[in-house]
Amino acid sequence: MSTVKKSSKKKSSKKSSSGNESSKKSSPKIVPKHTAKNLPKPIKNFEIDLDKCANCPGCLTYLSFIRQVENIIQQNSSRSTTTQLIVKLISNFVWKYRFTYEQIAVNLFKYKFKERGYLVKILVSLGFDPNNLKINGHKVLKILVYENDIPSIIALVENGANIDFGKAPSNILHICASRNYPVLLKYALSRNEIDINAVNIDGRSPLYLACLYLNKECIKILLDNGADVEVCTPDEKTCCLELIIFLGNIMHNNLEVYTEIYQRYGDKYSDNISELVGNIVDALKYIISAKNNMSRQEIYTIRNLCFNKPIVMNEKIVFDLFVFIMDKFPKIVYNKFTHLGHNAINTSIMFCNNSLIKYFVDKTDLDFQAINNNITNPIQMLVNHGYIDYVETILNRNPKIVSTKCRYNNNLLHYTLMPCYVYSNVPRIKSDKDIIELVKIFANNKKINQNHRNNSGYRPIEVAIRYCSIDVIKELLKYNTTIFAENRIKQQLFPVLNNNDIISFATQLGRFDVVTYLIQENVQFQLYQIDDIHTVPTALLIAIVYHRKNFIQFFLELPQITDCLNNDVTKEYVINFANMYSNYNVQITDTYNLNFIGNDKMSFTHRIDRMIHFYSVHYGYSKMVILSGLSTILSLLEKICLASKKCKNYRNLPNSKFLEATIFSNGPCDLTFRNEFSNLYTDINLLNYMNDSKFFDNIVEIIGDLIEYPILLDIFEYMFAVRDLPISSQPIIKFIESLGLINQSNKIIKINKIVNELLNKSEISIDLNDQDTHNYDDYVENDPEFDSDEFDTDEFSDEAIKDFFGLDNKNLLTDKTSSPIKPIKNNQKENFNKKIDKYRVENMLHKFCRGEKLPHYDIIYKCLMQTDYYQILDNKIVVHNNEIILAVIYKLKSSDSTNSQMSHKPSVKTNPSDWIKSYSTNICSPNKQDHYHMFPFVLDWILYKWSCVEFQTKDKIYPTEFNTHLYFYGELNTNGRMVKGCFEYFLNCHKSLYHRLFHEIDRVPPQIQRKIYNH
C-alpha cells in the first residue's frame, strides 16, 4: 500500500507541475496521446502525450465514468430510463470532479466512445453548445473532419453544430476535396449549408483542389452537385487550365514538375508516371465534359499540350485527349490556337503531328479554307510542308480549293517551292521528289497562273531559283512556255521586284548552275539602257556589284556580252561602273577585252562606302538610312552570335529564350527593329524602311557581300518564315549552329564598328519618313476641295489689305528704278549655304534619281543649293539679291491655341504643322519653270517657322491620310513690280511637296482671303 501511496504522491507532483505550466498558457492543454493498456487509443489530432497520463487520475476517473455509462446502457432497455440515469451520473460527475460539459464532450470524441452521439444529445439538453467545442483554439469539428471521423461529425452536426467553419482558411468541402474524403463530401453537400464554389484563403474552390490532387471521385461528386468549372484562382487559372499546364510540364519533361509532384503526392507516383498521366487525363475529361466552352488561354495551352511531340509519354494519349475535346466542341478546330490566328489544323501541320493531320484530313466535314486571310490556310500549309497524299485527297474532295486566296498574294505553286520550316523536334524534310510531284499537280492546273507575282514581286520561277535545286527549276520550266514573254522593266538593276530577268536574279543569288542552264536554253539577257542607243546586259552589272567573279568570267566569254562590249561607250560605262561600285579594278587587255582584278586589300570602309553609293544612286536611299539599316541588322547578328555561343555551352540558360522571344516570336521587323533598337536614330523612321521588303533585301545584300552571303540569306529567310508561327528554342539553336554564323562573329563585330563610326561622322539628322512612291503629277493645282457654300465669295481690295496690315508699297522699294538694298548685317549668304548639307538636298530629291536621273534634277538641285539673301524682321521676311527685293512674306497673327491640331477648315497657324521632307518630280518640271513656280527657293528653308493659313484635305492616293495646304501671304517681284498674293505649298501625306506656286491675291480662294483679312 505504501508503495502505491508513494507512487501516487510522485504522480500527483508531476500533475501539479503540469498544471502550473498549463496555467501560464492562454488555454488549458488537453491531455495528449498515450499508450496505457487500460485506456482506449485516442485520435492523433487531439495532441495527447501517451507517457504523461498512463496513470493519470483524471483519465482513470473519466474511464470509470465511461464504464459506468456503458453499464447503464447495457443494463437498461428503456431509453428514457437510461437517459435519466446518465443525466444523474453526469451531474454527479460534474459536481464531484469539477468537469465541464465541454471536457466531457471532448473526451467522448477523443476516445471515440461508441454512443458519443447519444451522449452529445444528452449534453446539449443540459445546456452544452456544440459550436463552442474547441481544443487549443481549434474547433473539434474541424479536427474531426481532418480525421474523416464521420460518426463523430454526424454526432455534432445532428445535435446543432454548424458544419461551416465560418471564416476559417478552409471549409469542410475544401478539406474533403483535397484529402479525398468522398463519403464525407457527399454528407457535407447533402446539408446544403455551404456554397459549393466558395474559395479558401488561397482563392481555390473545392473543385480546383480536387483537380489539383487528382481525387477523381471527389471531382465527379462536385460536378454532379453543380460545381462551377469556370471559377478562377487569383492568378486567373481555372481547374481545366491547371490540369493542362500540369500535364504539359510532365509531357515536356520539365524538371521543376517533379518537385511539384512530390509535394502534392509524395512517393505515390515516383515510379509510375504513366499512372499519374492517366489520372490527370481522366480528371481533365471530367472537367471538359462539364464545360460549355473553352477560353482562349485554355485553347492556347491545349495547343502546346496536344500538338507538340511528347517526350515522356505516349503520343496516343494526347491524341485521344484532343479527339475527346473535338467531340465535345466540334467548332474548336476553327478557333485561334495562336495569337496570330492559326487554327487547330494549321497548328498540327506546323508541329508535324502526323496523327492529328491524318485525323483532320479524314474528317470530310472540315473546311480547309476556313481561316482569316492574314495567315496561311491549312491547304497552303499542307502544300508547303510537302504532304502530297493529303493534298491530293483534299483536291479530289474539293477541286475549287486550288484557287484559294493566299497570304502575301502567293499561289499554291509558290508554297510548293518555298522552304518548309518545322517547329518540332522531329523535322520534316521536303525532298526534291516531293516538290517535283507537287509541281506536276499545280503546273498543269489552268486555275494557277505560273507568271503570277506575289507581294515581293516573285513569280514561282523566282521562288524556285531562290530556294530549289536545278532539277526542280528544270521541271518548272517544262510547264511554262510564257515565262520570258513579259515586258521587262528597264533602268532597274535590282531585278527582284516586278522584273523577269531571271538570269540577273540567279546571278545575284549566286546560282551559277541556274545561270549556265538558262544560257543553254537560250534565255535572253535583259539589257540595261545606258542611253538612247547603248545597252549592256544587266546580269553583268549585277555580277560586278555582288562580286561574282566566276559569273563575270563566264559572261565575258559569251557572244552576246562581247558584242555589247565591242562598243567603246558601253565598255567605258562598265569600267566606270566597276570602279565606282565594286572592289574590282578593271583593265583593258591587249586584245581590247576587259580584265577584272579583285582588290582583296580594299578596306571594309571603302567597300561599304561604294555599296552605299551604289544604292543611293540607283534606289534613292539616303546614306543615313542605309547606315542605320546596316547598323540595326549587324547589331542583331551580334546578339544572335552572342546568344548562340552561350546556348551552345549552357543549353538551359535563358539565352535560348532570347533567340525564341526576341528574334523569332514576333518577327524581325515588329519586335527586333522596334523594341530592341527603339533608341537608335529616332530622327529616322527606320522601322518603315525595314518593313519595306525591297529596302530590307538591299540591306541584306550589302551585308551579304561583306560576310558570307548564303549564311545571311538563310538566317533572314528563316526569321521571316517563322515570325508568324510558334517555335521552340532548341530547333533555333541547332539551325543557328548549322549555319556557321558564329564563325563570322568577329567579322560582324568589325563591320558593325566601321558602320557605326561612319554613322557617327555623319552630320545628317533629317527625318526621312517619306515612303511615297507617287509623283502626284495628277493633282490639279489650286484644287483645295473646299465646300464653297461654307464661305462668302467676297474679294478684298489691295487697299483693304494694306490698311489692315499697315503696308506701304513705297517702303518696299517696288519701283523699278529704286536704289539697290545694301548688304544686310548678320545675314551673309556664305554662312547660310554652310548650313545646307548636300546630302540632305540629295535625299530630298531622291525621287528624281530612281532609275535614270530626270533632266530637271540639276535645275532644282542648283536652286536649293544656291540661295538668295534674306532678312527676317519682326513682321516680315524680305528676300533680295543685293540689288532689288525679290519677295516679301508678311506675318499673320495666329489665334489658335495649338499648332498641332489638324483642321479641315482654313486656320492661321504660328508655323506650319508639317514641312517639306522631299520633292515630287513635277516640281521644276519643264512646264513649271515660269516665274510664279520658281519664286526664291530660299523660302523653302526658312518658312517652316513662319505664320501661314493652313488646312488639311484627304489624300487622293491614300484616302485615310491627309494632305497639308499652306498659304503664306506676301508679295512677289513680277516684271519689276511687287504683286500681292500667296505663296502656296501643298504637301502630301508623306510630306512630299507636290505643289509650289505663287498666286496673285485675286486668284487665291476666297476662304483663304477671308482668313488673311480677319487676321
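Cβ atoms here come from the backbone N, Cα and C positions, even for glycine.
Annotated features in Swiss-Prot:
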type     : residues : note
COMPBIAS : 1-14     : compositional bias 'Basic residues'
REGION   : 1-37     : region 'Disordered'
REPEAT   : 136-165  : repeat 'ANK 1'
REPEAT   : 168-201  : repeat 'ANK 2'
REPEAT   : 202-231  : repeat 'ANK 3'
REPEAT   : 340-370  : repeat 'ANK 4'
REPEAT   : 374-403  : repeat 'ANK 5'
REPEAT   : 456-485  : repeat 'ANK 6'
REPEAT   : 498-527  : repeat 'ANK 7'
REPEAT   : 535-564  : repeat 'ANK 8'
Item checked: Chain residues in Cβ proximity to the repeat 'ANK 3' (202-231) (below 8 Å; excluding those fewer than six residues from its ends, i.e. six or more beyond) -> 173-174, 176-182, 185-186, 189, 196, 237-240, 242-243, 264-265, 276, 279-280, 282-283, 286-287, 289-291
Notebook entry, point to check: Are there residues at least 6 beyond the ends of the repeat 'ANK 2' (168-201) whose Cβ is under 8 Å from a Cβ of it, and what are they?
Noted result: 139, 142, 145-146, 148, 150, 153-154, 157, 162, 207, 209-210, 212-213, 215, 217-218, 221-222, 225-228, 231, 233
Notebook entry, point to check: For the repeat 'ANK 7' (498-527), what does DSSP give as the number of helix, strand and coil residues?
Noted result: 16 helix, 1 strand, 13 coil
Checklist line | Residue counts (helix, strand, coil, in that order) that DSSP gives for the repeat 'ANK 2' (168-201) | finding: 17 helix, 0 strand, 17 coil
